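In what follows, a structure is listed as structure tokens, so that the remarks can point back to it.
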Amino acid sequence: MAKGKQKKGKDLNELKKELDIDFHKIPIEECYQRLGSNPETGLTNAQARSNIERDGPNCLTPPKTTPEWIKFCKNLFGGFALLLWTGAILCFLAYGIEASSGNEDMLKDNLYLGIVLATVVIVTGIFSYYQENKSSRIMDSFKNLVPQYALALREGQRVTLKAEELTMGDIVEVKFGDRVPADLRVLEARSFKVDNSSLTGESEPQARSPEFTNDNPLETKNLAFFSTNAVEGTMRGIVIGIGDNTVMGRIAGLASGLDTGETPIAKEIAHFIHIITGVAVFLGVTFFIIAFVLGYHWLDAVVFLIGIIVANVPEGLLATVTVCLTLTAKRMASKNCLVKNLEAVETLGSTSTICSDKTGTLTQNRMTVAHMWFDGTITEADTTEDQSGAQFDKSSAGWKALVKIAALCSRAEFKPNQSTTPILKREVTGDASEAAILKCVELTTGETEAIRKRNKKICEIPFNSANKFQVSIHENEDKSDGRYLLVMKGAPERILERCSTIFMNGKEIDMTEELKEAFNNAYMELGGLGERVLGFCDYLLPLDKYPHGFAFNADDANFPLTGLRFAGLMSMIDPPRAAVPDAVAKCRSAGIKVIMVTGDHPITAKAIAKSVGIISEGNETVEDIAARLNIPVSEVNPRDAKAAVVHGGELRDITPDALDEILRHHPEIVFARTSPQQKLIIVEGCQRQGAIVAVTGDGVNDSPALKKADIGVAMGIAGSDVSKQAADMILLDDNFASIVTGVEEGRLIFDNLKKSIVYTLTSNIPEISPFLLFILFDIPLPLGTVTILCIDLGTDMVPAISLAYEEAESDIMKRRPRNPVTDKLVNERLISLAYGQIGMIQASAGFFVYFVIMAECGFLPWDLFGLRKHWDSRAVNDLTDSYGQEWTYDARKQLESSCHTAYFVSIVIVQWADLIISKTRRNSVFQQGMRNNILNFALVFETCLAAFLSYTPGMDKGLRMYPLKINWWFPALPFSFLIFVYDEARKFILRRNPGGWVEQETYY
């Protein structure tokens, strides 16, 4: 077993390491040689079979899953349920002991109690199982990503194979629309682009080509990865990784192999069980010894021991906690947070660090034109539907020239039948940048289609990674000018070097060094804002060289690509969501650290972080300080910088201590260009600091981090199936602001669970104490076991649940996250208040009512002591009371049952006050008010239920409840009032002397 664990740990540590391969660096000939493949014919069938035998099929290995019955048993026998099962078994044991000793009187009580306890556990176990049945289907969702078929070269023949039959060294062809069937080294490519977003988090499609461009295998252009989508062009590649050894396979192995540990609330409930069990066993054993010393038979003493332990078990609490969490989960679902795991409801409330993805979570995942540069000035683009924010002259020649090039030099088109849809919401064919430009042109001119029709496209060279530009030639809409119009867009520096003139303020002027500097300043400024900048230029081809009908050749350009006229720049960004800055500010005031973890470029990441407030105004990074002081970065003390932007490259070989140093000393952090393994390392680093970590993500690459986090939050709209399976919670609107709502709800439910528990536990003392007096002073039993059940599973249930609806006492988002070590769900102070203070007053109320009724019927209090043996003896039918009246056995038992009923009603009456004081932990009830209508209903409900149980005919047979005289309801009222006054005084002192001894002893 230990060996297996060691092996699993070793495997996971391997998977956590960065991808370390050299297939992208070595010459292609060496690649063929290493893989035993032939560029002309591919593998032979014999080679393929041998490779498959050696490496296995090209598919993901499913992990060992926990059988459903084991999950069900965990719900049925785990945690709190175990305490109730112990109680049930002890009841059956007591029943067995009494049955064997021939004591018929209490037989049925213990039997009923055992059956009811077992039923409660089974019902709540089934309920929890259905609520939390998040059977980890992570691997199933990875299977959905696996391509089904692939076109491969075997023995010189192109054959269609099942993707799982591919093996190392196979040469395959991939075209637009396919999923990449394995990890491939690119041999040749034609305008080939892949969507790596689910793997690396980059929202832009990435061009792939045979050139080696980066040491990092995830960044180089000559590798394409298993299960990513081909979105443009065609490609030929050689298989260098299959199944579990692909990048995707490693992520799958990491996500499914991680051990997630217990949730904070599960730890709290375990801690609570220890306390309750400790109290129960201590009391039970103490009174077992006392009973023995007092001369009771050992069988009686064992029954007493069991009775005390069972009376200590709050039978209704398991159901209360489950229902409270379910209600909060439903409330969160209505606010766009879908909780898959009930315990995650509270985890979000105790979160102290949020590691958020950028694309789609903090931003809109919709590239938008943000700025333009023409006529020598930077202008903010207007992306409003009605153009109400326009800040530039749309009649200027500079703008008209730029927008015409933008409309023509683009392959993006609106999908059909969307004329009634607002422009910003229309779907577009083409990549994200092209779509942004198309929408910008359509918003400002409203006639993209018309411009294209008037200037018919003749020839085009599509964008490719080598040229870094796109160029097209069009007929001129000005029919009097027969010249063809050439338009070009691309990387600004590449466009500028192809231009000899610039169009400025309606005139074409020569490109001077001064103008180049103005261009560079604009380019740097826009780039520094984290925006993706494109340059635009045009040229009217001379009529003498390019007459009407000239045969343009796109493959071997027979037209000029230099000496062009520069028109301007457009810059795009994936803009932040409107609600995010406010949400980040709320997190900060709630003491929650927000860290951005993204696969995007550091400059873009930093710009978005600044715009949403993750890096607050005035806080500098090491680079900012170095730039301000004009010194090298190495001379700046990292601790002087409050903010940090960490490149994924720095994390490749970082030690845990160095990462801890970064996390500890920088309150504001952005991790950029991170890989899936690095996201996981960052989460583990935060957890080492003692933080409770929430992680947001939408890609497959986020799934290991989502699984490892204390709470993983996936995106409902843009999220991949894999990320949704790995997460504990799904944001239905993909909005970071919804997490803050979730944190608020989580904190509120933790506070309210404390209130529910203190309310429920208080009635334990009036339930246990009758039993103790029964043993110590030999009095007739004041409260029966069945009656205890009527309280725990009857009158107390609805009030306890109603506290889940209580409003927050103060702004819970203005305090720091709870410390899991010191701020427990149930602590000594809560036990002291429930048992030692309020519980004692309640017990006094019960005994007062008991003695009043006994005295009224003839048994004065001092005459009850030592009476039990005669009272419980069937043989005694002439027991005399304090006034000389004789009582038969049946009459005595009827009086005893009336006392049980009155004691039960008195507990209900003092629980009125207990429920009202439990509404707040510090504030006065008068401040809080009685706006919780569910709680108001609960007060009426428990009273009506008590009356129903007391006055319904037939209850004397089933529950031994007898109708009470009306005046027997009143003796407990002063005690109820006393509880209210006592607690209001305690809270008044709490508020007047914060941190004083009253707070230290009683504030739970």
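Please read every residue number as a count from 1 along the shown chain.
Glycine too: its Cβ is placed from the backbone N, Cα and C atoms.
Worth saying up front: this structure is predicted, and the values here are computed from it rather than measured.
Database features, via Swiss-Prot:
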ACT_SITE  Asp357  active site, 4-aspartylphosphate intermediate
BINDING   Lys489  ATP binding site
BINDING   Asp698, Asp702  Mg(2+) binding site
TRANSMEM  76-96  transmembrane segment
TRANSMEM  110-126  transmembrane segment
TRANSMEM  272-294  transmembrane segment
TRANSMEM  301-329  transmembrane segment
TRANSMEM  768-791  transmembrane segment
TRANSMEM  828-855  transmembrane segment
TRANSMEM  897-918  transmembrane segment
TRANSMEM  934-959  transmembrane segment
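Features recorded in Swiss-Prot, as mapped to the structure shown.
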residue: Asp357; record: active site, 4-aspartylphosphate intermediate; DSSP class: coil
residue: Lys489; record: ATP binding site; DSSP class: strand
residue: Asp698; record: Mg(2+) binding site; DSSP class: coil
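The largest share of C-beta pairs under 8 angstroms with the transmembrane segment (76-96) comes from 301-329, of the ranges 272-294, 301-329, 897-918. Note: the stretches the transmembrane segment (272-294) and the transmembrane segment (934-959) are not in contact (fewer than 3 CB pairs below 8 A, sequence gap of 6 or more). Among the stretches 301-329, 768-791, 828-855, 897-918, 934-959, the one making the largest number of Cβ pairs under 8 Å with the transmembrane segment (110-126) is 301-329. Across the candidate stretches 301-329, 768-791, 897-918, 934-959, the maximum count of CB pairs under 8 A to the transmembrane segment (828-855) is reached by 897-918.
Same-chain neighbours of the transmembrane segment (768-791): 106, 109-110, 112-113, 116, 283, 287, 290-291, 294, 296, 304, 307-308, 310-312, 315, 843, 846-847, 850, 854, 864-869, 871-872, 892, 896-897, 899-901, 903-904, 907-908, 949, 959-961, counting only residues six or more beyond its ends whose CB sits under 8 Å from a CB of the stretch. Here the transmembrane segment (934-959) has Cβ contacts under 8 Å with residues 786-787, 790, 794-796, 798-799, 801-803, 805-806, 894, 897, 901, 904-905, 908, 911-912, 915-916, 919 of the same chain, all six or more residues outside its ends.
Between the alpha carbons (Cα) of Asp698 (Mg(2+) binding site) and Lys489 (ATP binding site) lies a span of roughly 32 Å. Lys489 (ATP binding site) sits 34 Å from Asp702 (Mg(2+) binding site), taking the Cα positions as reference. Highest local Cβ density among the recorded positions Asp357, Asp698, Asp702 belongs to Asp702, counted as other Cβ atoms within 10 Å over all protein chains shown. A simple way to gauge crowding: the CB of Lys489 (ATP binding site) has 27 other CB atoms within 10 angstroms, across all the protein chains here. Note: the CA-CA distance between Asp702 (Mg(2+) binding site) and Asp357 (active site, 4-aspartylphosphate intermediate) rounds to 8 Å.
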